[in-house]
Amino acid sequence: MHRSVPEQVSAELPATLEQFQITLGADVEDRVEECVREAARCLYRGAIVQCGALGELLIDYSWEKLNARNWREVGREWRAVYSYGCLFRAVGLCSVTGSIEEALQVCDIGLLMGAEIMDNLLGRIISVLQRIAPSREETKLEAERGVREPGLESSKLHSPGEHSNKKSFASVTGRKRIREGPEADFDPKGCSISEKVPCLLVPVLDSETAIPKLHCPSLEHFRDHYLVPQKPVVLEGVIDHWPCLKKWSVEYIQRVAGCRTVPVELGSRYTDAEWSQRLMTVNEFITKYILDKQNGIGYLAQHQLFEQIPELKEDICIPDYCCLGEASEDEITINAWFGPAGTVSPLHQDPQQNFLAQIVGRKYIRVYSVAETEKLYPFDSSILHNTSQVDVESPDQNKFPRFSQASYQECILSPGQVLFIPVKWWHYIRALDLSFSVSFWWS
């Protein structure tokens, strides 16, 4: 291995070329497989620049294959080629002074778009690269932030347990903190326009439509009264032990995940014509869409962040009630939902049972049973067939006359609460504050 490659990165790679596993399927052309093998040979004979160049060639070629058909139809073989390309490109960048952050980004995109190779080698290299350049990233953060946000405590000065998420996120949601108490008592005048905080109205809930709340039910009680009959319920006290409820702050997320690349939704809701997605670092997302409210709506939504960043996964747990399903723990899909006040998930349904755990901020949620489907006017298209055409909080009664006849339940989900959404139940979600939620899809 060439000495220009950081020793910590070299330590993660196989010791010899013979131990470097290249496993590709029959669909991959011989010349492409030979390119992968030549890049590996370059790596082990110290031709790092050539190795990186071949990696870039593999990325470009396999990218065309990944985009030639529907993503679900793309075989693992070409995604593996993409991952090998990212690996070789990243190693090449590691040998260039000042390119560690770019190497991190290349590895992350390999994780997001490619397939796992060599026992999660890309993930292990990312962990190494994060350790190599933490001080550089912290210096960059301070430069972007300028003067430290008042009230946003330095993680170096306080241990995670010394402040709750309410305090840690207060400076971002506004210095005038939302007063505690019943949700219906929330005063929107407490928001300060000058602080660029949206003054979002909080719905006043009707007791007849409120989703019931239950404190730490037994597995049997939850199964018999909610899972089997398929009824929504807000669970309380079941995630109080999760470290994230005390540890997570904007600064903590930046420190642990700031340099990582993630997909961000741009636009108020995915049904809008101007909606789009873009890859960016968590730091860029926070700077543009959390700390600065003038760039429109950005939402880190429905992303398997915890598979990408194991450090964050250590702060949560899979709810015990998931054991009542037939699937194994590995088959449970865990998604992160992180965004400013005002993000909206249009009325839609999911094909699995759903536990939505609220970590930071509050969300207004309305749910409709499957029996109400005809009154909810789903899109006719195959892509959006699980999504309603109706704007739930501002429906067009002339266009959707039966919508007002649909029965629903609703809640305001607060930190520490978990909402059970039965399979295929329709649900609409709007963030009332800066919010971080974790969903668990299980069968």
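Cβ from N, Cα, C; glycine included.
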Which of His241, His427 does Swiss-Prot put in the same Fe cation site as His348, Asp350? His427
Which of the three DSSP states, helix, strand or coil, fits His427 (Fe cation binding site)? strand
Within the same chain, and leaving aside His348, Asp350, His427, name every residue whose CB is within 8 angstroms of the centroid of the CB atoms belonging to the recorded Fe cation site, in sequence order. Ser345, Leu347, Gln349, Asn354, Asn386, Ile421, Trp425, Trp426
DSSP state at His348 (Fe cation binding site), helix/strand/coil: strand
So His348 (Fe cation binding site), by the Cβ count within 10 Å over all chains shown, scores 19
